[in-house]
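Undergrad: This is the structure I have questions about; it appears just below.
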Amino acid sequence: MYEEEKYEYICMRCGKKVRLDINEDPIRCTHCGFRLVMKPRHPVPRRYKAR
């Protein structure tokens, strides 16, 4: 049929990293059940301001 596409998200409530299948209907945190999860950002090098 189709391959499982699992992506890593971060829960907005408990802060844990969760691997979710995006084809699954309710996208929820597997630890606390919260519905809002976000994709983690890549680390960005900081630019220091000149003084």
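Keep in mind that glycine also has a Cβ here, set from the backbone N, Cα and C atoms.
Okay, so Swiss-Prot annotates it like this:
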BINDING   C14, C29, C32  Zn(2+) binding site
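Distances, neighbours, how buried they are, the whole picture for these features please.
TA: DSSP assigns C32 (Zn(2+) binding site) to coil in the three-state reduction, placing it in neither a helix nor a strand. Around C32 (Zn(2+) binding site), a 10 Å sphere centred on its CB holds 13 further CB atoms from the protein chains shown.
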Undergrad: Let me check the 10 A CB neighbour count of C14 (Zn(2+) binding site). How many other CB atoms are there?
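TA: Its Cβ shell of radius 10 Å holds 12 other Cβ atoms.
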Undergrad: Quick check: which same-chain residues outside C14, C29, C32 lie with their CB within 8 A of the centre of the Zn(2+) site CB atoms?
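TA: Leaving out the recorded residues gives C11, R13, G15, K16, V18, T30, H31, G33, F34.
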Undergrad: For C14 (Zn(2+) binding site), which of the three DSSP-derived states applies: helix, strand, or coil?
TA: coil
Undergrad: Under 8 Å between C-beta atoms and at least six apart in sequence, can you list the same-chain neighbours of C29 (Zn(2+) binding site), or say none if there are none?
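TA: Listed in sequence order, they are C11, R13, C14, K16, V18, R35, V37.
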